[in-house]
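Note sheet for the following structure.
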């Protein structure tokens, strides 16, 4: 089963995403801030990384950038969750190296579908 | 002959020369005759002498030869030698030769006889005697011989010898005669020559006389005539007919005289003309002399005026100028003392040669002196008087003093200054009077110049002040990029004292250099300015840039072209500090972004879990958990929205406060009770050291403050611990501290702690949750209560928040009452406050009363205007939005329409930004709500300081 890293500082949202995806049978690992997320990424390889945009210590963008700098993480799929929905923000995120983007509030079912698509593709 | 005559008559020279040559010829002829005569005499004499000599010699030779023949013959007789014999014949030949010669000469008869005798002798001798004698000798017959010789010997020979001797004597005698004859001839000739010379002299004299008669007479006549003519008499002479020089001279003279005569007439005419001209010239000269006199008079005056102008201190200081004017004027006019007084405001004056006291007295009373006459006449007034004792000094006799009162007229013939000059012991000439009048004009000009300068200086100062008061940095750059002028704010903005470090001239390159140093990303700005200066910018009128020195500022630069006439003179660059706006803008967008983020997070939870509940088959415990989460998140959302709206209301000043005296201890305890539900492992400790302390507060808001603080203390002590709430008084203030033993706050977070949505950026705190608005609300409320909040925290050990509030003074009876104190109350200034927000009204009233003003508070406009007449407030503070129809503008209009009220300064205190309308009504003081109360005090103080007379 695919391994997913979820980095989200809001506990309630963390629970929401985790519950949704675990029910689908994915193996979920969580991180509560950017630094922690980057540590996890360095430790092992995930099939997908879901990152919150606004996180303490290191923002989602920074995590993406640093991840892409790693030799063997250049092609790891990254999905960004953000409360910022403006087009400019989306562009910024995609430019930094994310593969896809979802804005908050999001539908858990859409998320599940998107995750499935990303892992298949 | 006639030709020769004519030849002579034509030329005196010729005549004279002819006569001279003639005379010389005569002399020459005489001399030649004389020489010839003499030489003939001499040659005759020499010829006769030579003949006689020759005769004599020949006679001698004959005698000698004769003798020799005889002797040789005798020798031969004796010796019989051939030689002797031959000699006899030789001698015979010589003798014959001499005789022949002698015969050639003219011989006298006697001489001829002698010669013939001799020849006859020797014919005989040689034909007979000698051959006989030779035969005798040869035969030795001496006897015969002797006889023979003796027989013939004597006769002719002896005779010859004696003749020779006689002849010699004769010759000598004849020579002598000849000599005498010669001398006589010479003498006769000399006499003849002298006579001849005398004759020539006589002839010469005659010639000279003729010449003098012929030449001298006419010449002297002519010269006489000429000199007579020269004298102007009539001259007559009649030599014109003559053909020689005299004739010519006479004719020439006559012609000349005629010519001269005609010329003279011409000259006389010319002379008359010249005389007329001369008269005219003389008249002109007189005119010129007159003009010259005037000119030199003018020149003298101009010199004096120039001296005055030059000596006037080149100053624009009024007093210096006056001092200079009077000093120089006294000197120039030869006065002894003098004074100048300006008639305008201030009555400045300057005196020379006067005591301070006298000068001051005159300055104050000049209008009552004779100056009044000068002013009335608008001209000099001269007064002569006896010297006063002081002026006379030690002189005993009376001294005349001349006072000259001079009014100095301005452009419009108004009196701008008065002058008094005093001359002791000397009179003032008319010319001096005129000069003084002239110099007064000069002084008027100097004063006018000063006036213009003062006016322009005043204007300049105003402009300068205005420019420096403007909060924008203003920079005037000419079209070459040279900075011509900047204001104070400009220096401040670019942290420069002066432009000195740029040589006092800041070229565009210098300014660019400055920008390179101080501006982040300067290239765009430099480019912009370059184009602006060149006049190339089209469309873009401003740009923003960031200054990073001396302090970080955001600056907007815009420009306005400056024209002089139609020509571009330069560009006004205005650097506007938009840091605040920028910050506000940034905060706004950040705020929106934050709010959106803060709202989206709980929304995402609510929506997400609701969706799961709807679309998933879930176990009941999970359902429960999800529903509880949804509830919790929805509540969080509500709180967030409430807090947010609260804060917005408070910040905009629209929050109303119900201020009442309240016991704070009770409020805090109430809050504690409310929070007890949230307490898990915490120990809440209540420490009350100010149980009865009363503050003037809005209960609900205070409750909110302490609820927030206690809630925070609980939330951020996730591991429990003591939470101490400590109430105490200190220096007239009430202090409340909430102390926890929780997470504490990192030092770098402390400055931002009270900012909206600020949350200490830490994931473990995220678990705690919160809106990030609580402390901002607390601070806002506390500020409204004139309180302070401070925080002390050590990371990991806990935090302590302390609130300080002013204690309520019981004698202050709140703000509701509307009192009408009588205007006779003295001391503090009366301020009328018209405000319908009671909380704000009370707050402002406290603020003003705290600063010593007497405040009259009104909530209705109409009542206020009605009361205004009796109160006569110094300042009226009015809110625009009042409850009744009679709003703030109505109050202002009413005030403006009434004489007694229209001078009272007005301060508008409003949430509406209607400064333009206020400005139209002449109201400059506008406070936009919310504002800090002390700003009102500052404005009122400013007004009262400015307008003390109202």
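The first residue you see is number 1, and the count goes up from there.
Each Cβ is built from the backbone N, Cα and C atoms, and glycine gets one as well.
Between the listed ranges B:221-259, B:260-298, B:299-337, B:338-376, TrEMBL ties the annotation coiled coil to B:260-298. Checked against TrEMBL, the range among B:152-170, B:171-189, B:190-208 recorded as transmembrane segment is B:190-208. On the 0 to 100 pLDDT scale, the domain 'Histidine kinase' (B:594-809) averages 85 in the predicted structure. Within the chain, the coiled coil (B:260-298) has long-range Cβ neighbours (under 8 A, six or more residues past its boundaries) at 229, 431. Counting only same-chain residues at least 6 apart in sequence, those with a Cβ under 8 Å from the Cβ of residue B:879 (4-aspartylphosphate) are B:834, B:835, B:836, B:837, B:888, B:908, B:909, B:910.
Per DSSP, the domain 'Response regulatory' (B:830-944) is made up of 52 helix, 23 strand, 40 coil.
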